[in-house]
Amino acid sequence: MTFKTLLTTTAFAALMSSPVLAQQISIKAGVLNDRSGLYADLSGEGSVIAAKMAVEDFKAAEKGIKVEIVSADHQNKPDVGSTIARTWYDQDGVDLILDVPTSSVALAVSQITKDKNKVHINSGAAASDLTGKACTPNTIHWTYDTYALAQGTGGAMVKAGGDSWYFLTADYAFGHALERDASAVVVKNGGKVLGAVRTPFPGTDFSSFLLQAQASKAKVIGLANAGGDTINSIKQAGEFGIVAGGQKLAGLLVFITDVHALGLQTAQGLVLTESFYWDSNDGTRAFSERFAKANGGKKPSMVQAGVYSGMLHYLKAVEAAKSKDSATVVAKMKELPTDDPLFGKGTVRADGRKMHDVYLFEVKKPSESKAPWDYYKQIAVLPAEQAFRPLSESECPLVKK
Amino acid sequence: MANVASTDAPAAGLAVIEIDHGTARLHRMIFIGIAIALAVAPFIAYPVFVMKVLCFALFALAFNLLLGYGGLLSFGHAAYFGMASYVSAYTAKNWGLTPELAILLGTCVAALLGALFGALAIRRQGIYFAMITLALAQMVFFFSLQTPRFTGGEDGIQAVPRGKLFGLINLADDRTLYWVVAIIFMAGLLAIYRIIHSPFGQVCKAIRDNEPRAISLGYRANQYKLTVFVLSATLAGLAGATKAIVFQLASLTDVYWSMSGEVVLMTLVGGLGTVFGPIVGALVIVSMQNYLASLGAWVTVVQGVIFVICVLLFREGIVGVIAKWIKKPL
Amino acid sequence: MFELLGIPPQALFGQVLLGLINGSFYAILSLGLAVIFGLLNIINFAHGAQYMMGAFVAWMCLNYFGINYWAALLLAPLIVGVFGVIIERVLIARLANLDHLYGLLLTFGLALIIQGLFRNQYGSSGLPYQIPPQLTGGQNLGFMFLPNYRAWVIAASLVVCLATWFLIEKTRLGAYLRAATENPTLTQAFGINVPLLVTLTYGFGVALAAFAGVLAAPIYSVNPNMGADLIIVVFAVVVIGGMGSILGAIITGFGLGLIEGLTKVFYPEAAATVIFIIMVLVLLVKPAGLFGRTT
């Protein structure tokens, strides 16, 4: 039909060889993300590759599960995203939607998924509302959220001595939320916030704001922004000698693809939080090598890793439930522990939050980097319980207190 | 509006070309054809898609009223479309207004905004006019971005209830909603048709073709221009407000300048200054976006290529070319 | 020392300087638009895309051919200028006798194509481009740390703007140009090749945009969308200044950069809108713009 269809499994051949199963389950998964815009590098086609790898690794065909994967570009626009989600669910028989970066689109897709009673496993979006007040029984939020980012970057920086902060906040809801969450963490850990400046969004020139941040004499400049804004502010901070002057930059939402775009020369010394890094252990390295081969040499971002992990767990739940009924599968996903080489062992909580450890990284100096994509050194590990919002503080109606 | 024309100067003072009988009959047949197409469309195609086409077609019709018949190229029509969509989404969701009231309110706000911007923009002509409308619309975009309490910022206003029409008819079902949208669209189309063929519309065309002459004949050109601008903004608002109810969403996309560009493209493809052209244009462009969605950035490229081709080789647009063939205005 | 609205004067000087640096981009871009508009009577909507191309050509020069920043500063405007000449010959020239609005629509379409193609090829995350080694570091001016590169931007753009002004107002070529702007038919009758002049003018305006792009590459990320939003601000600058004079475009560009810079200090939330608000005010008082001719 409308969207490029990617047949991933040669289910028929596999069926011939495998023992006849009582029931063949066929699943259609839609990878909905940014394929052309700002987040195309961190999600995009890479997420489709990751989903396909999950299907391969699960050996779905041998287990009597036929999986077809479709993909589309939501262009980071909630209206485009919700139109596609509606069409997929209503017309194309899609059972679950994966990825969906950009919080605004994710919230829209989550709502539609609930209305149509399907499944949404989100990997790309940051909004902690997805498992907070906007939580639904049909949505699982996999990789990270703003709460975890603030806990990681904010908390760990204060513990490492960066106890006075100044925020550069992109002047829109997402920037405000990041600033609010991070400020709370900074204060809670005994640091203080000296001030914040609201930068027009989207912006290109941050020099004026950086100068204000510099004048504040704060030890840490927190970048409560995303995408192009983050890249430009880091770039210009380097130019104005801010890091050289002894102040630290803390990116509240920075992906490895951003670091790649900046280059180590500019990004060195930046502190950031991610829940996955390709070079963490043998499991992640093996996966990333296979992934890179399929993705033009680019290593996976945590979002793409999350798509793999989420798809894998969904398939496990389908196998265990012997059904693709949304309520049954989600219940199974929350019941079964998660385990994969990328995120290790974990669980899916009642509110739909996937629990795993989160890491604080510092970007290496160019001299420390030995190979392409050798970008991070690990500073701290945050156990899942500390990284994600505890259920006791949850605003999610699904959580029984 | 029509009495503006009659009090100002007699319409007969200009060489008003009355449409002849054959053309009138043809137009009546086209209207019946559209009505039939609207009646069967939801049974053939996906109703949400058809509603989208209708909303954009109405938007393009409104834009064409201004450009095709007023000769004013606005590059900021997203402002009225988007603002109306915000207002109707906000009032339906937060004030609990019934959909028809929400749409009405959205449309009124668009009219007010149109009056304000129109009064500013018509002080300059031609390219300046286009740049001013664009800049004003961009201001609306920044306003929307920075007032999340009203617009929901980059999340937009989501999960807008479709509600019950007049408090009675539940619109949650796509088909039921479809009939409402179809009626709004038909009403908009008929209104535009009336405006174009009224004495007021004729004077607008006269001003478009030769402003100094129209002024010398005693017409207050600026009043006419402002009126047609407000009418166009109002109808664009009607389209935007309806779209918010259909998609249960009002977002920044609706006020961004690329939306203004898209409506120009639709009108251009369909046929500038033809009554029915924008409908065809909207159908073509919306379908194209739909079917090419997986191509990502290539959609932008394809749109750009269509723009260039239309401007260079195909300035009459699809309906314009057909009108030339059959030698009747469409 | 005194304080102004709680901002120490040192910080204010710094911000004024930064505002001027931003203003230099507005100045070069609105200058290019003004030059093109003067002779071709079209608003070049592709100006933002051509600015972006300048930055990308500089990036390609460095990454594919190892050509450094300084050479790219000459080469990129030349390459993009030639591209502009081709565009003018093949496409825009066909619209010479039509309503000027078609020129706007055509260049809008071109902008979409160019941006779309670059997005497909290079993604939207942006590409790194380092500041040339000769200009890294900065000077401590006492009231601020001024990166050398920013100082260079402001100097380079002032020189280019003034040189353009000189070229158009004081040289023989400029005289032909102004004559062709006033009355193309008569100028042609004097044996001057007006179509050639038109083509070269478009190429020159485009080259100016590309030059601004190369200047911007090391400080802003090299990104397919870098020109798309900028161009609308520049449109507002042009409306404010009016299309009357070359000097007007330059002064308005720098002046508005300055005002925007100050807004960032006193009321950062309004920094994105301040230029549009000024535009509305100017339209109310002087519809033709500050330096515009009333026609």
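Heads up, residue numbers simply count up from 1 along the chain you see.
Yeah, the Cβs are placed from backbone N, Cα and C, and that goes for glycine too.
Residues or ranges marked as transmembrane segment in TrEMBL: C:12-39 (among others).
Per TrEMBL, the feature transmembrane segment maps to C:73-92 (among others).
Below 8 angstroms of C-beta separation, residues 40-50, 52-53, 56, 87, 91-92, 95, 224-225, 227-228, 231 of the same chain, each at least six residues beyond the ends of the transmembrane segment (C:101-118), sit close to that stretch. Per TrEMBL, the feature transmembrane segment maps to C:101-118 (among others).
The annotation transmembrane segment is assigned in TrEMBL to C:149-168 (among others). Taking Cβ pairs closer than 8 Å, the transmembrane segment (C:149-168) reaches residues 17-18, 20-21, 24-25, 27-28, 31, 35, 131-132, 135-136, 138-139, 174, 177-178, 208, 211-212, 215, 218-219, 246-247, 250 in its own chain, all 6 or more past its ends.
Same-chain residues lying 6 or more positions outside the transmembrane segment (C:189-219) and placing a CB less than 8 Å from one of its CB atoms are 24-25, 28-29, 31-33, 35-36, 38-40, 44, 47-48, 50-59, 69, 72-73, 76-85, 87-89, 92-93, 129-132, 149-150, 153, 156-157, 160, 164, 176-177, 179-180, 226-227. If you look up TrEMBL, you'll see C:189-219 (among others) marked as transmembrane segment.
What TrEMBL lists as transmembrane segment is C:231-259 (among others).
The transmembrane segment annotation in TrEMBL covers C:266-285 (among others).
Looking at which of C:12-39, C:73-92, C:266-285 has the most CB pairs under 8 Å to the transmembrane segment (C:231-259), the answer is the stretch C:12-39. Sequence-distant contacts of the transmembrane segment (C:73-92), counting only residues of its own chain at least 6 positions beyond either end whose CB sits under 8 Å from a CB of the stretch, comprise 40, 42, 46, 50, 53-55, 57-58, 61, 67, 103, 106-107, 110, 198-200, 202-211, 213-215.
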